[in-house]
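Colleague: Have a look at this one before I ask anything.
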Amino acid sequence: MASLSESEGTNRGSMWELDQNLDQPMDEEASRLKNMYREKKFSSLLLLRLAFQSLGVVFGDLGTSPLYVFYNAFPHGVDDEEDVIGALSLIIYTLTLIPLLKYVFVVLRANDNGQGGTFALYSLLCRHAKISTIPNQHKTDEDLTTYSRQTYEENSVGAKIKRWLEAHAYKRNCLLIVVLIGTCTAIGDGILTPAISVLSASGGIKVQNPNMSTDVVVIVSVIILIGLFSMQHYGTDKVGWLFAPIVLLWFILIGSVGALNIHKYKGSVLKAYNPVYIYRYFQRRNSDSWASLGGIMLSITGTEALFADLCHFPVFAIQIAFTLIVFPCLLLAYTGQAAYIIAHKDHVADAFYRSIPDSIYWPAFVIATAAAIVASQATISATYSIIKQALALGCFPRVKIVHTSKKFLGQIYIPDINWVLLILCIAVTAGFKNQSQIGNAYGTAVVIVMLVTTFLMVPIMLLVWKSHWILVVTFIVLSLMVEIPYFSACLLKIDQGGWVPLVIATAFFIIMYVWHFCTVKRYEFEMHSKVSMAWILGLGPSLGLVRVPGIGFVYTELASGVPHIFSHFITNLPAIHSVVVFVCVKYLPVYTVPMDERFLVRRIGPKNFHIFRCVARYGYKDLHKKDEDFEKMLFNCLLSFLRLESMMEGYSDSDDFSVPEQRTEGSISNAFLAEKTNNNTMCSNGDLSYSSQDSIVPVQSPLRGNSLLRYSSQASHTVSDELEFLNRCKDAGVVHILGNTIVLARRDSGIIKKIAVNYMYAFMRKICRENSVIFNVPHESLLNVGQIYYI
């Protein structure tokens, strides 16, 4: 392989070297002095306040589990007191091992600068190994202040894992498949959580009216669900302050009722805290005990949402809220319910509501319904965030995303997804009509997401944390010791409702994987079809055409090279704009890109060609908002670049460095090859960087007061002329040139690929948002260039 690469290098010739000099990707000249990410420090009072607020956002789903756990564990009733004790013991130690130890004290630490969820874990891995979803990244992206990653010694475990992941494409593809499975199943949670929470809370109506039909409860639940999803476009900004008090009141209620029932009925239920009763439970009930695990597992539903909703609060605040309020109240609630069920074995179906004293029954019903709505809202919001992350990383069709709050960036609303969730949620609620089958479906979804998180934590601990292998093995053993039995129990209930999340996850997986596959293949086609810069510059300053006044923004996913649509454009039209800017908008595996680091601008070729490249970088949390004028931002970037470029040319330490304004076609190659050794000449001051022909300046960066830059009169005159020329071109008109491509499978492709590309991907592209809408391009300034890509 070495000899082959060497022979290729010798055969490339001077034209290849010229192309590399003229149009290098945004390379090391774009490096900047970074402000390292530092975790914010909070005062004790602020931490307590944030811990209180986290109750309404993070813990609603986990807190409403006592509404339906015991019924799903014993759908056919309870025969023996020991069964209840054994089930309670399982609940206690499941809550201890999974939410408390695994998530609160381990997984929450694996956040991406405060962002949680499956894609946050994946973005961490993408930064520490070259496994990004779309291969248009470059090493300059690593210079972002939010692009933190570790370095490894050559023979360390982390370095070996990194090389193993990067070695073959199929390994990276398998990792992506695992991430998509977890993501799609988490989306299923956004359907099942509102269904089971609202249906369980509404069931309290029937407890006081035994003769009431089950259909009435279902109708009430559907009405609540319709109201909940219909209000999503208003956002939670105005009513969000109510969530924390409601959930706190809920935890106080279930904790107090639990303590009352322990005192009133069987205090001996406390022996369930002895794990020996878990062994006795399985020994006595055999296969029945294993089947009941599917219901017991519902006691930890909402745990994954605890991680997914992490972005709103610091880790320590969530740890305080869970250990001081959530965990003790849940233990009291389940223990009190167990005591009540032992005394009233025939009330297991409605154990929660029947255990409430009559004097506070209806206030408790109102609080339970409100808590169920809050829990559903938190899961729906988490689903929006998951889809936004998937969309940013090229794994979901471009759907409309709406900001619902001017204060909080994370509060979004996705109309198309909202109505899909509503339809599926109503179908599940009205179709099953009871908690048992929905619970079976819910349990299957939850345990799959947890298994995916466990799997992803292994490379996180080795690559990111550099943990000792003994700690990694301990984490895996303790996690799988709980999750594998629960997963096997859920598989036993596939035919009793467990198939629902599998069908939902499969449908979303097909959509996401087909979209990602075709997006990557389309990018690879563009890479292979890109035009050499040497060829473009060989056409001369006029590009062999008439240069008409105006600015042309040519949008492309390529961070280097000239897209094929541009050569197609100049081949079929006799004119091109006086100023051409290749615009690349790309998302990186970071949660956000600061505004002062978002744009990178460089000049391509000699000045009289007036060709530039602008790369706009976004994180998966960033959004293109409607009030952003993308065209204005791009133009300001160009102006800033020209001013800073002129400053660097006039710098006193660069006297023997010059940028020729004009070169003849024949002199371009020799001049650049002669200057190759000086091509990395760079003058930097703080966070401003510049080099000769490959000029890269991060715009919107603050200039330091002690700067030593000075103008020469000639440079000042030149930049004034160019700025004036650029403004005249803007006044003449700006045109946005986008590729209107049709993607088709090659004729020799298999039938599955043809169906995926020619029909599924084509349909999704037809119904999703166009780039012109995403970038807010005025219709009168839009020019589409049609092409067919065969992938």
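Cβ atoms here come from the backbone N, Cα and C positions, even for glycine.
When I checked Swiss-Prot for this same protein, it listed these features:
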{"type": "TOPO_DOM", "residues": "1-49", "note": "topological domain 'Cytoplasmic'"}
{"type": "TRANSMEM", "residues": "50-70", "note": "transmembrane segment"}
{"type": "TOPO_DOM", "residues": "71-87", "note": "topological domain 'Extracellular'"}
{"type": "TRANSMEM", "residues": "88-108", "note": "transmembrane segment"}
{"type": "TOPO_DOM", "residues": "109-175", "note": "topological domain 'Cytoplasmic'"}
{"type": "TRANSMEM", "residues": "176-196", "note": "transmembrane segment"}
{"type": "TOPO_DOM", "residues": "197-215", "note": "topological domain 'Extracellular'"}
{"type": "CARBOHYD", "residues": "Asn211", "note": "N-linked glycosylation site"}
{"type": "TRANSMEM", "residues": "216-236", "note": "transmembrane segment"}
{"type": "TRANSMEM", "residues": "239-259", "note": "transmembrane segment"}
{"type": "TOPO_DOM", "residues": "260-289", "note": "topological domain 'Extracellular'"}
{"type": "TRANSMEM", "residues": "290-310", "note": "transmembrane segment"}
{"type": "TOPO_DOM", "residues": "311-315", "note": "topological domain 'Cytoplasmic'"}
{"type": "TRANSMEM", "residues": "316-338", "note": "transmembrane segment"}
{"type": "TOPO_DOM", "residues": "339-359", "note": "topological domain 'Extracellular'"}
{"type": "TRANSMEM", "residues": "360-380", "note": "transmembrane segment"}
{"type": "TOPO_DOM", "residues": "381-411", "note": "topological domain 'Cytoplasmic'"}
{"type": "TRANSMEM", "residues": "412-432", "note": "transmembrane segment"}
{"type": "TOPO_DOM", "residues": "433-444", "note": "topological domain 'Extracellular'"}
{"type": "CARBOHYD", "residues": "Asn434", "note": "N-linked glycosylation site"}
{"type": "TRANSMEM", "residues": "445-465", "note": "transmembrane segment"}
{"type": "TRANSMEM", "residues": "469-489", "note": "transmembrane segment"}
{"type": "TOPO_DOM", "residues": "490-496", "note": "topological domain 'Extracellular'"}
{"type": "TRANSMEM", "residues": "497-517", "note": "transmembrane segment"}
{"type": "TOPO_DOM", "residues": "518-791", "note": "topological domain 'Cytoplasmic'"}
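If you look at the structure here, what lies around each of the features I listed?
Modeller: The topological domain 'Cytoplasmic' (1-49) scores a mean pLDDT of 50 in the predicted structure.
Listed by sequence, the residues of this chain that lie at least six past the ends of the transmembrane segment (50-70) yet keep a Cβ under 8 A from its Cβ atoms are 42, 84, 87, 91, 99, 193, 196-197, 200-201, 240, 242-248, 250-251, 254, 295-296, 298-303, 305-306, 309-310, 312-314, 317-318, 320-322, 324-326, 329-330, 333-334, 337-338, 341, 348, 351-352, 368, 371-372, 374-379, 381, 435, 439.
Same-chain neighbours of the topological domain 'Extracellular' (71-87): 269, 271-272, 277-278, 280-282, 284-285, 289, 292, 294-296, 298, 338, 341-342, 345-346, 348-351, 435-436, 439-440, 443, counting only residues six or more beyond its ends whose CB sits under 8 Å from a CB of the stretch.
Distant neighbours of the transmembrane segment (176-196): 61, 68, 117-119, 121-122, 131, 133, 221, 225, 228, 301-302, 304-305, 308, 375-376, 379-380, 382-383, 386-387, 390, 395, 421, 424-425, 428-429, 435, 438-439, 441-442, 445-446, 448-449, 452-453, 455-456, 500-501, 504-506, 508-509, 512-513, 516; these residues of the same chain sit at least 6 beyond its ends, with a Cβ under 8 Å from one of its Cβ atoms.
Within the chain, the topological domain 'Extracellular' (197-215) has long-range Cβ neighbours (under 8 A, six or more residues past its boundaries) at 61, 64, 67-68, 221, 224-225, 228, 350, 353-354, 361, 364-365, 368-369, 371-373, 375-376, 429, 433-435, 438.
Sequence-distant contacts of Asn211 (N-linked glycosylation site), defined by Cβ-Cβ distance under 8 angstroms and a gap of at least six in the same chain, do not exist.
Listed as Cβ neighbours of the transmembrane segment (216-236) (distance under 8 Å, sequence separation of 6 or more from its ends, same chain) are residues 194-195, 198-199, 202-203, 205-206, 243, 369, 373, 376-377, 380-381, 402, 404-405, 411, 413, 415, 418-419, 421-422, 425-426, 429-430, 433.
Panel annotation: around the transmembrane segment (239-259), residues 52-57, 59-60, 63-64, 66, 325-326, 328-337, 355-357, 364, 367-368, 370-371, 374, 377-378 of the same chain, lying at least six beyond its termini, place a Cβ under 8 Å from a Cβ of the stretch.
Here the topological domain 'Extracellular' (260-289) has long-range neighbours at 80, 82-90, 92-93, 332, 335-340, 342-343, 355, 357, meaning same-chain residues at least 6 beyond its ends whose C-beta is under 8 angstroms from one of its own.
Under 8 Å from some Cβ of the topological domain 'Cytoplasmic' (311-315) lie the Cβ atoms of residues 39-40, 42, 47, 50-51, 53-54, 57-58, 108-109, 111, 114-116, 385, 408, 410, 591, 621, all in the same chain and six or more residues away from its ends.
Panel annotation: around the topological domain 'Extracellular' (339-359), residues 66-67, 70-71, 74, 77-79, 81, 84-85, 203-204, 206-207, 257, 260-262, 264-267, 269, 365, 368 of the same chain, lying at least six beyond its termini, place a Cβ under 8 Å from a Cβ of the stretch.
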Colleague: Do the transmembrane segment (290-310) and the transmembrane segment (445-465) share at least 3 Cβ pairs closer than 8 Å, excluding pairs fewer than 6 residues apart in sequence?
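Modeller: Checked: the transmembrane segment (290-310) vs the transmembrane segment (445-465), in contact.
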Colleague: Would you kindly check 88-108, 316-338, 412-432, 497-517 and say which stretch has the most C-beta pairs under 8 angstroms to the transmembrane segment (469-489)?
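Modeller: Against the transmembrane segment (469-489), the leading stretch is 88-108.
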Colleague: May I ask for the residues of the chain that lie six or more residues beyond the transmembrane segment (360-380) and have a Cβ under 8 Å from a Cβ within it?
Modeller: 56-58, 60-61, 63-64, 67, 189-190, 193-194, 197-198, 200-202, 204-205, 208, 224-225, 228-229, 232, 236, 243, 246-247, 249-250, 253, 257, 302, 305, 309, 352-353, 418, 421
Colleague: Out of 88-108, 316-338, 412-432, what stretch is closest in contact terms to the transmembrane segment (445-465), meaning most Cβ pairs under 8 angstroms?
Modeller: 88-108
Colleague: Should anything in the same chain at least six residues away from the transmembrane segment (412-432) have a Cβ under 8 Å from its Cβ atoms, list it; otherwise answer none.
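Modeller: Residues 190-192, 194-195, 198-199, 218, 221-222, 225-226, 229, 232-233, 235, 380, 383-385, 387-388, 399-404, 438, 441, 497, 500, 504, 623.
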Colleague: If you run the three-state DSSP split on Asn434 (N-linked glycosylation site), which class comes out?
Modeller: coil
Colleague: Taking the Cβ of Asn434 (N-linked glycosylation site) as centre, how many other Cβ atoms lie within 10 Å?
Modeller: 20
Colleague: If we skip the immediate neighbours and take only residues 6+ beyond the ends of the topological domain 'Extracellular' (490-496), which ones have a Cβ under 8 Å from one of its Cβ atoms?
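Modeller: Counting only partners 6 or more residues beyond its ends, the topological domain 'Extracellular' (490-496) has Cβ contacts under 8 Å with 290-291, 293-294, 297, 436-437, 440, 443-444, 447, 502.
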Colleague: On the DSSP side of things, how many residues of the topological domain 'Extracellular' (260-289) fall into helix, strand and coil, could you say?
Modeller: 25 helix, 0 strand, 5 coil
